[in-house]
Amino acid sequence: GWNWETILIGVAFLSFLLFAKFIGKKNKKFFWVPAIAPLISVILSTFFVYITHADKRGVEIVKHIEKGINPPLVNEIYFNGEYLGKGFKIGVVAAMIALTEAIAIGRTFASMKDYQLDGNKEMVALGATNVVGSMTSCYVATGSFSRSAVNYMAGCQTAVS
């Protein structure tokens, strides 16, 4: 259900992040404030929840996160069940959207940097990445326009940046 304390904490720190972004845009001397605001937000919210014992009053917290990569679960892939048809349809549509977005982003930056992008190689790379990633509980891999734009503006030269 709804917990008013969780909502209050979330709104307070979202406001803090938006205010930090505003400060960074308004005064160029404080360009670094929006960059460190998420870290400050995490530290302050952790300290706040610890001091007030908010987790005892219904504020859910992340307790322990296992380190390392999840073990591969190839033996737990099943091709039956009542939701297989719906899941397959949604997966195909999501894959087409992700591939279209990744190729569009790639071609945009390829034209800006004057090189060619092979859509077939892009499709094979994304497909292989997502098949292997799905076995270790990874997020879906696709092109990120915002990250690519930030890297381009920062002058990054490698794909690993």
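Numbers here mean position along the shown chain, with the first residue as 1.
Each Cβ is built from the backbone N, Cα and C atoms, and glycine gets one as well.
Because TrEMBL annotations are produced automatically, they should be read as predictions rather than curated entries.
These figures come from a predicted structure and were not determined experimentally.
The domain 'SLC26A/SulP transporter' annotation in TrEMBL covers 2-161.
If you look at the transmembrane segment (6-23), the same-chain residues 6 or more away from its ends with a CB under 8 A from one of its CBs are 30, 33-34, 37-38, 40-41, 44-45, 48-49, 54, 58-60. The feature transmembrane segment is assigned by TrEMBL to 6-23 (among others).
Residues or ranges marked as transmembrane segment by TrEMBL: 30-51 (among others).
TrEMBL lists 88-106 (among others) with the feature transmembrane segment.
Here the transmembrane segment (30-51) has Cβ contacts under 8 Å with residues 9, 13, 16-17, 20-21, 23-24, 59, 61 of the same chain, all six or more residues outside its ends.
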